[in-house]
Structure formats: structure tokens, C-alpha cells
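Taken straight from Swiss-Prot:
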SITE      Arg16  site 'Transition state stabilizer'
SITE      Lys23  site 'Transition state stabilizer'
SITE      Arg151  site 'Positions MEP for the nucleophilic attack'
SITE      Lys207  site 'Positions MEP for the nucleophilic attack'
Amino acid sequence: MQTFTAVVPAAGRGSRMQANKPKQYLHLGDKTIIEHTLTRLLAHPQIEKIVVVIADDDHYFSSLPLANHPRIEVTLGGPERAISVLNGLSSVETDWVLVHDAARPCITQSDLDALMAAAELGEDGAILAVPVKDTMKRSDSQQRIEETVERGHLWHALTPQMFPTQQLADAIDAGLTQSIVLTDEASAMERAGFKPLLVAGRSDNIKVTRPEDLALAAFILQQQELE
């Protein structure tokens with residue numbers, strides 16, 4: 001059975017949440033968001049280790065019950081996501097790595113299964129994604145509609161995103177060297193010439209970004225427990 005390492009970048013501040021602490025440490029029920037996320041990842045038998053990347057002034061993570069879990073390793077991040085992920089990759093020993101947002105606590109085992117199965121299909125990697133359903137508009141700088149964008153081949157990129165470890169590290173390093181803005185790991189791989197596979201995932205794998213997302217994530221977690 002192939003095994004994977006998960007890298008969870010958790011060094012961000014989450015300013016859009018307008019909270020007094022980083023959003024990953026806000027509570028959903030009796031656990032913080034990041035605890036829900038890590039619990040879901042730890043439950044998968046093919047994930048042998050999780051590397052959690054935190055800010056150098058983080059004083060929250062060490063107080064969590066999961067902080068001393070034998071399959072969790074902590075390392076320090078940087079001023080942007082790509083640097084944090086690259087730092088996390090230095091602790092990965094498996095051939096393949098999954099990178100997952102700390103603020104996506106609703107990831108399911110079935111989505112993890114589907115993504116990992118894609119590792120058998122090639123060396124370009126794969127990401128979870130959902131097809132765009134809404135009508136998409138492109139705006140000008142004044143937020144006026146310029147055109148309607150054909151949605152037939154548009155997808156919302158989610159996480160985890162899964163790639164061969166060394167290829168991803170090289171791609172991120174190259175992007176940072178060229179001062180390219182890397183909004184996710186797939187964008188680094190794309191610029192390096194790879195064509196990652198889109199694996200259709202569940203639309204309830206939401207990222208908690210704004211205050212209103214907290215209630216939605218709590219509801220999704222409750223509903224998933226009933227499945």
C-alpha cells in the first residue's frame with residue numbers, strides 16, 4: 001500500500017475572518033478548525049505523517065491535544081504560503097505528498113481515496129476540484145462586467161493537492177526564484193510544465209475564510225457524521 005505525507009500550512013493570519021486569533025484556531029463545536037482537519041487526515045491509513053507548518057510566533061498549536069501526536073511533526077513557515085509549503089516539504093520522506101489547507105476541516109475519506117488513486121495515473125499529480133456551476137463574469141477595475149466567461153472547462157480548485165514530493169519542491173523553488181505569485185501548489189506545477197489531473201471532489205469541502213463560514217462548516221461536519 002502506497003503511503004503519503006500530508007503537509008498542512010497553518011502559518012497564515014486569516015485577516016478576512018476578523019478574529020482575535022488565526023482562523024485555524026477558532027472553534028467548531030468542541031474542537032478547533034485545525035483539530036478537525038488533522039483528525040480527518042490522521043484517520044486515513046495511507047497518511048503516515050502530517051507536517052504542520054506554523055508561524056514562528058504561534059503560541060496556540062502547542063496547547064492542542066494533537067500537538068504531541070506521534071504522526072504529527074511541526075515546522076516553521078514563512079511570510080507566504082509557498083514558502084511555508086516549501087519548508088514543510090523538507091520534512092517529507094515519502095515519494096508523494098498531499099498539501100491540504102488547515103482551514104478545510106470537512107475533507108472526507110472518500111475524497112482522499114479518490115485523490116490518492118490518481119497517483120497511479122501518472123507523475124503530474126492531481127488536485128481535488130469541483131466543476132463551476134454558476135455563471136462566471138469577468139470584470140474591469142471598476143467592478144463592471146466586461147464579459148461572460150464560458151464555464152464548460154472551469155473548475156474550483158480545492159485541497160488536498162497531491163504531487164511527487166521532489167517535483168513539487170523544485171517547482172515551488174523555481175517559482176519563488178522567479179518572483180511568481182503561486183496561489184496554490186498546482187500553479188507551481190503548471191508553470192514547471194506539468195498538467196495535474198482534476199479529481200472531482202465534494203462541494204462541501206469548504207475553506208473557512210469568513211465569519212459566516214463557521215456556521216456552515218459546523219453544519220457540514222454534523223451532516224457528515226450522519227452519513
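Cβ atoms are placed via backbone N, Cα and C, with glycine included.
Since we're looking at a predicted model, the values are computed, not measured.
Feature map: annotations from Swiss-Prot on the structure.
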residue : record                                           : Cβ within 10 Å
Arg16   : site 'Transition state stabilizer'               : 11
Lys23   : site 'Transition state stabilizer'               : 26
Arg151  : site 'Positions MEP for the nucleophilic attack' : 13
Lys207  : site 'Positions MEP for the nucleophilic attack' : 16
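Checking each of the recorded sites Lys23, Arg151, Lys207 against Arg16 (site 'Transition state stabilizer') by C-alpha distance, the shortest gap belongs to Lys23.
Each residue contributes its Cα atom, and for Lys23 (site 'Transition state stabilizer') and Arg151 (site 'Positions MEP for the nucleophilic attack') those atoms are 31 Å apart.
Straight-line distance linking the Cα atoms of Lys207 (site 'Positions MEP for the nucleophilic attack') and Arg151 (site 'Positions MEP for the nucleophilic attack'), rounded to a whole number, equals 22 Å.
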